[in-house]
Each structure stands twice: as structure tokens, then as C-alpha cells.
Amino acid sequence: MAFAKISQVAHYVPEQVVTNHDLAQIMDTNDEWISSRTGIRQRHISRTESTSDLATEVAKKLMAKAGITGKELDFIILATITPDSMMPSTAARVQANIGANKAFAFDLTAACSGFVFALSTAEKFIASGRFQKGLVIGSETLSKAVDWSDRSTAVLFGDGAGGVLLEASEQEHFLAESLNSDGSRSECLTYGHSGLHSPFSDQESADSFLKMDGRTVFDFAIRDVAKSIKQTIDESPIEVTDLDYLLLHQANDRILDKMARKIGVDRAKLPANMMEYGNTSAASIPILLSECVEQGLIPLDGSQTVLLSGFGGGLTWGTLILTI
């Protein structure tokens, strides 16, 4: 049986930084209001770079670290809710940019759970024995999704990309997983309603900005997601004490505080970087993983047992436990 492992990690964010003080100049808010409620102090916002541009930079970093070219890749899976276009896919643009001419490429849409869903999918491709190497990237330009006059959402999000190189391995690294969706609660977090625009339809143009019922999403995270994480750990071959780090979607620092207590782990095992980047949706977990490797917290030598968990629109939530 074939197994998969994460062999390289990388991230990339736009150069421009927008602080809470900057936002206070264009909307009715201030640093204390934002940071005390979310933990966010700044975010990176693209001036000219598209979602595929950010993802391409990550792909180039991953290949450079591994010493490979695009021609050696079998697939590219790109998780995003802010694609350059619906067609062609953002992944196809990345494939062309890096010369990965034999790789199949597609986008995956699962909001802030997107990277976890994409990584789970990629692991199955390699486990089939038919594929050896692939890129899994989360990339977002959420600055184009928010209504910049709405302080309830605009202050939360940022742009960025992160990803991993997944390769075949002789040892098992993916230990447990749980992927979930609940479409009955889909309206509490929405973006990109396109509506019907034909001359034969009776539908008016829809509001396409990102909309969120913050309280409902907060409660969902600390109730449903925390319960799912605990269940995934219970059904895995490890104990909660075996986990070195839990890398959770970076939505809100208060969510992480409550999740740590619910799961029963030390808060220090839940690294956070939303203060620097805000909520980057599908990019948040791989950016955090890349930073943990850069900081020496995760040596990327197979010695650490790490839990990844994303949660967001759909509603969707997913957890992976793996050795890295």
C-alpha cells in the first residue's frame, strides 16, 4: 500500500500591510475594538497580485526547496473561494505558470476548510499508487470579497497563500481524518451569489459581497468543531497528549482559547498568527504550518504529531491528524 507525506511547506503574502489604524481612517472602527474581539492587528492586502499569482509564488518556493521542476508534478489542487475566474481554474493558471505540463490541476471550494479537504483528497491520490508528487495550495484574495464599508466583515480578512508538497512515502503519516458538511446552515456564511442574468429570468442581481452571521459561526466553531476534533482524536491511534501541535483555522483568537479548553489541551499547543494576517480562509492553515516550520516548532522530519482543522462556510469542517 502506498502512503503520503508532507515533504515541503511554504507561504507567500502580499507586501502591503493594512493595520487596524489604517482601517480606522476609512470606517467607524479602531484598533482596540478589532483586536480585543478578534486578536487581529493587521492584514496583508494585494495591490496587483491575483490569487493565482500568490499561489504561483508558493509553488515556486516548494519546488525550489525540493529541488524539482514543474514537470515532475502529477497534480495541483488549489483550495480557494476567491479564484481568478470560474473558468479556467486558478490551479490551471498555476500549472501553466510553473510549467507543470503533465500535472492535472483543479480548484476545490470548501471555504475555510478548503486546505484540509484538499490535503485529504491529495492523500487519496497518492495512496492509490498512481501518483508520486503533487502540490496542495490554499490561496485567497479576500480583499476583493468584502464590502469595505462593512466593519463587521472587512476588518477580519486578509490575502495570502500557503501550501505543501505531498510525496509518496513508505511509512504511514496520515493517521486519522474527519470531513463534514451541513448545508442546512449555509446562509450564515455566504459569498459570491451570482444570480440569474439572462433576459428570460425574473431574478434580480444578487449581493455578492461576503456576509457572515458572526455569532452563529462562533458558536458553531466552539461547539460542533471542537466536538468533531475530540471525536477524531478518540477514534485515532493516538492520545490527545501525543499531539505536539494543533493548527486550527485562524479566524479568531477567542475561538482558539475556547477550543483549547474544550479539547483539553494547553493553549500553547495552538499557535496563532491571525494578529499578523487576519483570516485568510483556505490559506490560513498552510501559512501557519509554514511559519511553524520556519520558527523551528515543527522540524518537518516526521517526529511531530500534528492536528490540522479547518471550519467555515458550507458549513464545512474537517480535521486531519498526521506525522510531519
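From the backbone N, Cα and C atoms, a Cβ is placed for every residue, glycine too.
The active site annotation in Swiss-Prot covers Cys112 (among others). Neighbour list (Cys112 (active site), Cβ cut-off 8 Å, at least 6 residues apart, same chain): His249, Ala251, Asn279, Ser281, Ala282, Ser284, Gly310, Phe311, Gly312, Gly313, Thr316.
There are 30 other CB atoms within 10 A of the CB of His249 (active site), with all protein chains counted. When secondary structure is read from DSSP and collapsed to three states, His249 (active site) falls in the coil class. Marked as active site by Swiss-Prot: His249 (among others).
According to Swiss-Prot, the feature region 'ACP-binding' maps to 250-254, an assignment based on sequence analysis. Tertiary neighbourhood of the region 'ACP-binding' (250-254): same-chain residues 37-40, 112, 156, 217-218, 221, 272-275, 277-280, 284-285, 287-288, 311-312, selected by CB-CB distance under 8 Å and a gap of 6+ residues from either end.
DSSP classifies Asn279 (active site) as strand under the three-state reduction. Residue density at Asn279 (active site): 23 other Cβ atoms are found within 10 A of its Cβ, drawing on all protein chains shown. According to Swiss-Prot, the active site annotation covers Asn279 (among others), on the basis of sequence analysis.
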